[in-house]
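The structure under discussion is supplied below as structure tokens; questions concerning it will follow.
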């Protein structure tokens with residue numbers, strides 16, 4: 001008995017469509033690489049700060065500290081539920097980070113890049129509206145004189161310190177500020193100057209954060225020192241008692257010890273330091289009283 005094998009199928013001829021060197025249609029770019037996607041992402045980010053309440057929250061958090069949701073609600077004079085909705089949007093958008101401790105929800109800026117974005121947008125927003133009361137005018141004066149910008153010195157104080165560091169060759173202006181976003185670099189002499197304060201910039205791991213960065217000051221419209229060097233200097237100024245906070249806000253007051261130290265180290269005068277020049281002690285006291293009253297309101 002013979003088994004019949006199935007007939008062999010004829011070999012398929014290679015056609016034009018089977019050519020190994022045929023032209024393939026280009027695959028569409030992934031959504032995240034398309035220009036229109038980048039534009040929509042920018043629009044979403046702008047939308048986060050297009051609301052007055054959300055913008056106020058971000059400006060308040062530039063003090064570098066964590067606020068509870070309730071504190072931010074009272075600051076903006078909105079209901080806790082309304083504040084919660086706004087905070088959820090800011091967290092989802094990556095501008096804020098949150099941490100829960102018991103029944104409290106603590107909010108802070110997501111990092112230095114968020115702080116830089118808020119500060120520089122504020123600098124391009126034009127002058128603030130005129131103060132509507134003596135209390136508001138005093139608070140605005142204190143903020144313009146000296147304040148923290150997330151974790152570094154800002155206002156007239158921050159700009160004056162930066163100018164003095166540049167004049168003494170402790171800091172240098174880098175070319176290509178618009179391209180790199182850095183703007184400043186600590187010189188060899190600057191590393192020694194910081195070292196004299198107990199700040200070892202050469203040995204500190206900073207990750208992606210630059211050692212020195214220019215941050216556009218929203219009241220002075222000029223750059224002040226940010227980055228790791230700016231943060232270390234601000235921290236030293238607070239710990240050494242050169243500056244003290246006014247109430248719980250961002251405003252700072254330069255102490256007598258601070259005026260003496262910065263005059264000795266950088267040659268700055270009382271007017272440069274954003275302290276209390278002659279004849280303005282009453283305004284400074286009013287600002288301190290205002291800030292303390294607002295903090296306990």
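Each Cβ is built from the backbone N, Cα and C atoms, and glycine gets one as well.
Below, the features straight out of TrEMBL:
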COMPBIAS  1-11  compositional bias 'Basic residues'
COMPBIAS  284-297  compositional bias 'Low complexity'
DOMAIN    34-129  domain 'HTH arsR-type'
REGION    1-39  region 'Disordered'
REGION    277-297  region 'Disordered'
When the domain 'HTH arsR-type' (34-129) is classified with DSSP, how many of its residues are helical, how many are strand and how many are coil?
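Residue counts for the domain 'HTH arsR-type' (34-129) by secondary structure: 59 helix, 14 strand, 23 coil.
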Across the domain 'HTH arsR-type' (34-129), what is the average pLDDT of the model, as a whole number?
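Mean model confidence (pLDDT) across the domain 'HTH arsR-type' (34-129) is 86.
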